[in-house]
Amino acid sequence: MNIEVEMKVLDERMADFIPAYATEGSAGLDLRACLDEEVVLQPGETFLVPTGLAIYLANPAYTAVLLPRSGLGHKHGIVLGNLVGLIDSDYQGELKVSLWNRGSEPFTVKPFERIAQMVIVPVVQAGFKRVEEFVGSSRGEGGFGSTGSH
């Protein structure tokens, strides 16, 4: 399934870094840091990184999800400060990525470095029906760890 997403280039330096799928099977599009200079993230610090891009999905049947790049998280402890970013279909502002250094060493974010990935996903908007009781299920109210171990 393909959809067309409107995109504005807010910083002309990013015109050479339009998000694109790396392979035919790629789910995520890389987002890059639109920085004037390097930023050093100390352990435990967060920094809101601009991308120089804005998107408008327009259709409430879709959202964009921002996720960490696996290599940054595994090798350097760099993840998203909010763990997952959610871009609503009616948002039109600049895409920004909250980076969090959960590692033990300082990490340098370089201008135009790939910092996160964006995945466009379908959304189901649910309506809620108030009930007094649920129809029984085999799980019932079993919560964390209730379905067994490893």
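These residue numbers are counts, starting from 1, taken along the chain as shown.
Glycine residues also receive a Cβ, built from the backbone N, Cα and C atoms like all the rest.
Residues annotated as substrate binding site in Swiss-Prot: Arg69, Ser70, Gly71, Asn82, Leu86, Ile87, Asp88, Lys96.
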So among the binding-site residues Gly71, Asn82, Leu86, Asp88, Lys96, who's got the most Cβ atoms within 10 Å?
Lys96
DSSP secondary structure for Gly71 (substrate binding site), reduced to helix/strand/coil, please.
helix
Neighbour count, 10 Å Cβ-Cβ cut-off, for Arg69 (substrate binding site): what number do you get?
20
By a simple count, how many Cβ atoms lie within 10 Å of the Cβ of Ser70 (substrate binding site), its own Cβ left out?
10
Tell me whether Lys96 (substrate binding site) sits in a helix, a strand or coil according to DSSP.
strand
